[in-house]
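A quick write-up on the structure given underneath.
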Amino acid sequence: MWRRIVSSHLKSISAVGSCAAPSCRHAVVESTHLSLSTRASSIPAYSSIFSRLIGSAAADTAVKKRVEDVMPIATGHEKEELQAELEGRKLDDIDFPEGPFGTKEAPAVVKSYYDMRIVGCPGGEGEDEHDVVWFWLEKGKSFECPVCTQYFKLEVVGPGGPPDGHGDDHH
């Protein structure tokens with residue numbers, strides 16, 4: 001429930017930061033607070049504290065927001081998602097890669113948080129489709145699908161390192 005409340009109002013909070021005129025900021029804050037308070041009757045009492053926190057925080061400053069300002073109890077992946085939304089990024093963009101058929105000169109780029117990722121190749125479109133072929137895609141190496149000859153390349157957009165969190169040098 002918290003995620004729904006936060007994600008639906010992150011855009012209005014970020015709009016406060018992008019609005020330069022004080023009157024514009026006041027209007028956005030008022031509309032944010034109004035939309036939060038109209039939902040308060042359908043949300044348990046503890047979330048009204050949360051809505052007041054968002055409304056008052058947005059009214060006080062139009063500076064960069066931190067996740068702790070919006071949702072202090074967020075941790076782990078949820079905190080990363082909220083931080084990315086506050087910065088205007090979408091972490092889900094790396095989950096469903098789409099694009100043109102990868103060639104040797106221009107491989108299909110797959111984004112990953114780590115130096116390795118499991119990828120599935122469904123082939124091209126129409127008659128070029130095939131059963132999904134699963135493989136490990138590694139940083140710095142391209143991979144050619146053995147069925148459709150599509151090429152893939154990994155782009156690391158996160159902290160890097162192995163996906164299990166353990167380095168090879170700890171043995």
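Every residue gets a Cβ built from N, Cα and C, even glycine.
The Cβ of CYS148 (Zn(2+) binding site) lies under 8 Å from the Cβ of CYS121, GLY123, GLY124, ASP128, HIS130, each of these being in the same chain and 6 or more residues away along the sequence. CYS148 (Zn(2+) binding site) carries neither a helix nor a strand DSSP state and counts as coil. Look at Swiss-Prot and you will find CYS121, CYS145, CYS148 tagged as Zn(2+) binding site.
As annotated by Swiss-Prot, transit peptide applies to 1-54, with the evidence given as experimental evidence.
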According to DSSP, collapsed to three classes, what secondary structure does CYS121 (Zn(2+) binding site) have? strand
Using the CB centroid of CYS121, CYS145, CYS148 as the Zn(2+) site centre, which other residues of the same chain sit with their CB within 8 A? PRO122, GLY123, HIS130, VAL133, GLU144, PRO146, VAL147, THR149, GLN150
Densest Cβ environment (other Cβ within 10 Å) across the binding-site residues CYS121, CYS145 belongs to CYS121
